[in-house]
Amino acid sequence: MALFKVILTAFAALSAVDAARLLSSPNDKDVVPNSYLVVMKDSVTSAEFDSHVTWATDLHGESVSRRGADGLNGFKYSYKINGWHAYSGSFHQETLDEILNNDKVDFVEHDRYVYISGFVTQKDAPSWGLGRVSHRHNGTRDYVYDERAGKGITFYGVDTGIDIHHPDFGGRAVWGTNVVNGTKDNDRQGHGTHTAATATGTKYGLAKNANVVAVKALNDYGAGLWSNIMKALEWCVEDATKKNIIGKAVLNLSISGGKVVAANQAVTKTAKAGIFVSVAAGNDNQDATNKSPASAEGVCCAAATTIRDDKAKFSNYGSVVKIYAPGQGITSATPNNSTGVMSGTSMAAPHVGGVGATLMASKGIAPADLCAELIKVASGPVQNPGSSTTNKLLYNGSGQ
C-alpha cells in the first residue's frame, strides 16, 4: 500500500510538471473572464490538432450537460498560421483543467482586449508626413517617390474596417473579411480608413498604386479581442497564399495592448509566412517591451515623431521599437469622402507599411529583409527617443 501511494504521488508530480501553463492574470482589466487562447506544442500535426479540437468541444459539451447552461459557449475559433496551431473559446474551470493537462497543449492564456493606437486631434491641420519620409532633412512638403509606388503589392489593413469606396483609394480597395460579430462591413470608427489611406492613398498615402484589402477585426469603437484578430491574421495568410502574393504583401496592425504571448506568436507566424508586418508601439509613453503586438518577433515596430523630429510625448519607446515615423497631426482619408487629422503610433505604423510597400515594388526586397533595409536607409536623428531606443527616422530612399 505504501509503495502504491508513492507511485501515485510520483505520477501526480509528473503530471503537474507536464501540465501546460496558464499565463495571463485574471485580474487584468482587459482580460475577458473565462475566455482563453489555447496554443498547441510545435510538434502537433494538423490532424492531431483537429482531433484535439473535437475532443475539447466534446469536453465542454459534457461539462454543460452536467452543470447546465452557464453562458460559456465553448469553442470559438481554430487557428492554423504557417504551421502554428491554436484555438480560442470560453470554458468552465473543470474543462480548462482538462485542457491544461492535455499533452498536446503548450500553454493557455486569457483572451483580452486590444485597442487602436490613435486619436483625433484637430481639424484642417496641414499634412507633413509624406514630405518628411522622402527627405533626409526636415523642412519640405514635397513628396518624392518611386513611380511604381507599391504597384503589385497588396496592403492588408487589419483594423476597424475601411471605406473602400473613398476616392482616395482610386478603386484599388476591396472588402476582405469581417470577424467582428454584430458589425457591418464598413468603417464607422474611421481609424481603419485613415491608416489605410496613410499607407496607400492616392493623395494622402505613400504606396499610391498598392492594392488594398479591408479586414475588420476591431469593433466600431476601436476595440477588439485577440481571438478575433488572430482569426483575421489567419485569413490574411490564407488569402495571400490563394492569390499567390506571398512575398508581395504588407499587413498593418495599428493596435496596442498588454503583452499576450499567443498573440505575439500568431503575428510572428504571419510575418514568417512571407508578409511584411508593420505594428504600432503604443501611446502610453512607456517601454513597448510589455505591449502586443509591439513586442512580437519579426515585425517592424514603429514609434511616433512630431513635425520637429522629436519623439511624440505619447509614444511608447524601448528596444522593440525598430524605427520612428511621423505620427502627430497626420492628415488622411476618413469615411464618407472626408478627411481628418489623427495622432498616435497608429499613424506611424502605416507610414512604415507604405514605405515598405514602395521598396518591395521598386527593389524586390523580401518581407523578411524589409525592416532591416528601412533601418539601413533611415534618416534622423530623432530627438529624445527614449531609453534604449533607436533614433532612426523612416526614409524612403528617394535621394533627396
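Note that Cβ sites are derived from N, Cα and C of the backbone, with glycine treated the same way.
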Tell me which of 181-200, 381-400 corresponds to the region 'Disordered' entry in Swiss-Prot.
381-400
Other parts of the chain folded back onto the region 'Disordered' (381-400), taken as Cβ under 8 Å at six or more residues beyond its ends:
132-136, 140, 144-146, 206, 287, 302-303, 305, 308-311, 315, 317-319, 321-326, 348, 351-352, 355, 358-359, 374-375
As a whole number of Å, the Cα atom of Asn336 (N-linked glycosylation site) is distant from the Cα atom of Asn396 (N-linked glycosylation site) by 30
Name the residue among the recorded positions Asn138, Asn181, Asn336, Asn337, Ser346 whose Cβ has the smallest number of other Cβ atoms within 10 Å.
Asn181
Which recorded positions sit within 10 Å of Asn252 (N-linked glycosylation site) - Cα, from Asn138, Asp159, His191, Ser346, Asn396:
Asp159, Ser346
